[in-house]
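Visitor: My structure is below; once you've seen it, I'll send some questions.
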C-alpha cells in the first residue's frame with residue numbers, strides 16, 4: 001500500500017513580524033504533516049531567507065517584489081517534489097510530487113477578491129498547460 005500524504009493549508013495573513021513567524025512555524029512543526037501550504041505570507045522575494053525553516057522540510061516559494069500575497073509550500077525531505085511554476089505576483093505555486101507510482105499536481109494559490117474571474121481563468125489555463 002502506498003503512503004498517504006498528510007497536507008495542511010493555512011492563510012497566515014503575514015509573516016513579517018519575527019515573533020509571529022517563529023510562533024506559527026514552530027506550531028506547524030508539531031502538526032506532523034508531510035506538506036504545509038501557506039498563503040499570504042507577505043514576505044518579499046528578496047527576503048525569502050526568513051521563510052527557511054528546515055524542520056518543515058524543503059521550501060518552495062512564489063513571492064512578489066512587494067510585501068503582499070505570497071504563497072509557499074514546505075515538503076518533507078523524503079518527498080520527491082519539483083517546482084514547476086511560480087508566478088511573480090506571489091499568487092500561484094505549482095509542484096509536481098511523485099509518490100510511489102503516482103504523480104500529483106499540487107497547486108497552492110492566494111486568490112484575492114479582486115479580478116477573480118480573470119485570476120481563475122489564468123489558473124485554469126496554467127493547470128491545463130502544466131498537465132499536458
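Note that Cβ sites are derived from N, Cα and C of the backbone, with glycine treated the same way.
TrEMBL entries are annotated by machine, without manual review.
Features from TrEMBL:
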- 11, 40: Mg(2+) binding site (BINDING)
- 8-108: domain 'Endonuclease/exonuclease/phosphatase' (DOMAIN)
Visitor: How many other Cβ atoms sit within 10 Å of the Cβ of residue 40 (Mg(2+) binding site)?
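Guide: Around residue 40 (Mg(2+) binding site), other Cβ atoms within 10 Å: 19.
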Visitor: Within 10 Å of the Cβ of residue 11 (Mg(2+) binding site), how many other Cβ atoms can you find? Include all protein chains, please.
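Guide: Neighbour count, Cβ to Cβ under the 10 Å cut-off: 12.
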Visitor: How would DSSP class residue 11 (Mg(2+) binding site) in three states?
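Guide: Residue 11 (Mg(2+) binding site) sits in a strand per DSSP.
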